[in-house]
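Reviewing the structure listed below.
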Amino acid sequence: MLFKILREYFRRITRNYKIYAVSILGMSVAIIASFHIYHFVYKELSVDKFHEKREDIYRVIKKPINSNFLVAESPFPLGPLLKETLPQVNNYARFLNDYDRIIKIGENTIKDEVSYIDPSFFELFNFSLKQGRLEEFEETPNGIIISQNAALSLFGKQDAIGKTLTLLKDYSSETKDVVVIGILNDIPETSTIKSNFLININSYKTNVTEEMKWVTVGAPVLFIHIPKVDDLNFISSKAGELTFVNMKKGFKIGLGEDMDKPYYQFELQPLNDVYMHSENVTRQKIKGDFQFLKIIVLVGLLMLFLAISNYIIMNLGLNMNRAEEFNMRRYLGISKAGVCIQLIMESLINTFICFALTFLTYPILGKFISYILGFNYHLSFTDDLIFIASYFLIIVFLGIAIGGLEFLFSYNSIFKSKANNHGSANSKKILIGFQLFIFIGLIICILFVRKQVDYIQERDLGFSVNNVVHISTRNDKELKPFLETKSYVKSTSYSQLLYTPSFGTAPLINTKTQQVTDVILHRGDQNFLKTNNVKLLYGKNLSNQASYNTSQINDEQNGSLTEVLVSETFVRKANLKEPIGQVFNLENYKFVIIGVVNDVQNIPLYYPIQPLVVMNIDYNGWYYGSLVVSYQDGYRKQLESDIRAFFTEKGIDSAFLDEVVFQYDLNDIYKKELQLKRLLEAFTVIVLFISLLGLVAISLFITESKTKEIGIRKVNGATINEIMLMLNKDFIKWVAIAFVIACPIAYYAMHKWLENFAYKTELSWWVFALAGLFTLLIALLTVSWQTYRAATSNPVESLRDE
């Protein structure tokens, strides 16, 4: 039976190859696109799922009091104390990045992050060594574990075990020698924890007392293992209590000050949620976007629906011509179930052809679709065998479902008289109406996404983003005067780059009222305002003399206070009527306000403007390590060339020179919005293509079904315009219905999406009108050429057999 169905199927293809080609083309486009979408979704949902203990691992997140921001860090000593204090905590592991390290072995150097971890890190997570022993990692203070890729970059094919590496800081001459004691199997691409260099955290130098570690030491990411827990809130509140008690001791013993109330609360986040549900968590580099994932799944499903509906519409017309064939088969003994099975088999053949085309086109389309979706996942026929098998099952299901639906929609045309075929025609019109609804909705969404992206890129942030770069100077004091001799350099400042895509806040305490205000701290000198084009509203500017140590800034009675500039938002949130001269505490620093500057949106537009404090402090001796330069437009390459020449002359490592100049790109900051825009643009084109195929098919169906009616009307004197209006009015009606349904749904969807931004564009009425008019124009242009042919045809031909 199968051979017979295949033979007849290919015979029909040769007779109606144009219609079958269009039908399979539309289905192939949708299935190929949905394959890449499914691959992306499959990989995104697989992140961190390779850890066997993932269900019982939680990340401890810090939440500043009276703040909506979460920070992926915890006090340095919190992990060991939680395990010691709470029996529910079975184990812990800290992960602390030491940024901007140059790793050197002989003449080979690379620039990367070095991470400090607890030895228990390998007990919690499924990372393994290719070479070396974990026991040695715990026993060797100066030991380092490196990844396979790092070993290949530094040592080539040589054995890396036992070799000595030198770690250098970007901004200072500090060095550290470490011995390679293990080679790490490459970390999977579906991991939020990534590092090529791992050192025992017990060798991390703090240079402070145990009490002060709660206050001043760099904060690692803390994971805790809780096998059986009934109340996560109890553990998180206990973490807050322990932190408050120990920070209070640190303030008293180390700073001689009292701490009246806690600065932080804590939350426990399951490891399974770290990647996909961390939109409000700062200090986390690798994170997904669950909202984008939902959008892309919806787009993929809608696209499949359009392709399936088009396939059914086209085959309904073919099946009407096959009514005599199916009825003859029934007389020969085939049942209705047999007809259904035949249609399902034919549908499966078509979907299998589309499935084969998916893999044939993958080498060509893979990179392009990866660019649209913004991911770097690669398809491997060995590693992704489960994914491929599951997608094949989906294709089989689609084939069966399409064949079954085709049978249901064709039932009247196959087994009943032509008088009952109006139901089939209505079904086609409803399917076309739904396609138009989807198309209008997508047009509205893409217009609003483009409008918001343009708003983001054009909004005045209160300071200069373009033509301002940050330079890691390695504490070199000669670079600044060197650059100031260049005519294209406008200004230079020993400071940090003002824009901060990932930020944290610090609590400033008013010494008089004890009110706490969470602020973003920035370091800057006298040229900070000029370099960043920030306006001083009143007061005076910072001096060029930096505060170098805590003894200079702790003596309020003798007037040794650190002078700071604050923003308008700070003045408002701190409830300051006269801000000049007000004094604030932060850990071991005392700040006095000397000036107020305009508000700057130095964080992404997802968040409202935060209070800003600019201070001129030399913290830990790296005052000269960070230089910000503003320059004339068009001189970026010249600036980089001059900096490279300057450091090359000083014999600086080439790995450092590769990334010496850094500038935040707003396109990178708002990558997911641009990604969504590309996605909607690409799939709007696909949906337009599929919808056009459907409109052509339905127009052909309608004109053929009304051939005799058109002939009679022409004989009776109907004009071409009247006949075209008669044929097109149904399409106009369905566009209007689709528009009325699509507008409120698209409005709601865009309103919810724009809630992600603190500052957003308006939902303008003209966008909806433009989408409706564009769809009407496309629909009329698509069907009019066919209706015009029908209206200008010779009525004698259509009435010849009557």
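Placed from the backbone N, Cα and C atoms, the Cβ positions cover glycine too.
Heads up, TrEMBL stuff is auto-annotated, nobody curated it.
Here's what TrEMBL has on this protein:
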DOMAIN    21-208  domain 'MacB-like periplasmic core'
DOMAIN    501-644  domain 'MacB-like periplasmic core'
DOMAIN    683-795  domain 'ABC3 transporter permease C-terminal'
TRANSMEM  20-41  transmembrane segment
TRANSMEM  292-318  transmembrane segment
TRANSMEM  339-365  transmembrane segment
TRANSMEM  385-409  transmembrane segment
TRANSMEM  430-449  transmembrane segment
TRANSMEM  682-703  transmembrane segment
TRANSMEM  731-751  transmembrane segment
TRANSMEM  763-783  transmembrane segment
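Proximity of the transmembrane segment (20-41) to the transmembrane segment (682-703) is established through 3 or more Cβ-Cβ distances under 8 Å for residue pairs spaced 6 or more apart. Cβ atoms under 8 Å from those of the transmembrane segment (430-449) belong to residues 299, 302, 305-306, 309-310, 312-313, 673, 676-677, 680-681, 683-684, 687-688, 690-691, 694-695, 698, 731, 734-735, 737-739, 741-743, 745-747, 749-750, 753-754, 761, 763, 767-768, 770-772, 774-775, 779 of the same chain, restricted to positions at least 6 beyond its ends. Away from its own ends, the transmembrane segment (731-751) comes close to residues 429, 432-434, 436-441, 444-445, 448, 695, 699, 763, 768, 771-772, 775-776, 779-780, 783 of its chain (Cβ-Cβ under 8 Å, at least six residues beyond either end). Counted as Cβ pairs under 8 Å, contacts with the transmembrane segment (339-365) are highest for 385-409 among 292-318, 385-409, 763-783.
Between the transmembrane segment (385-409) and the transmembrane segment (682-703), fewer than three CB pairs separated by 6 or more residues in sequence fall under 8 Å, so the two stretches do not touch.
Using a Cβ-Cβ cut-off under 8 Å and counting only residues 6 or more beyond its ends in the same chain, the transmembrane segment (763-783) has close neighbours at 436, 439-440, 443-444, 447-448, 451, 688, 692, 695-696, 698-699, 727-728, 731-732, 735, 738-739, 742-743, 746-747, 750-751, 754.
Remark: secondary structure over the domain 'ABC3 transporter permease C-terminal' (683-795) totals 95 helix, 0 strand, 18 coil, with classes taken from DSSP.
Mean pLDDT for the domain 'MacB-like periplasmic core' (21-208) in the predicted structure: 85.
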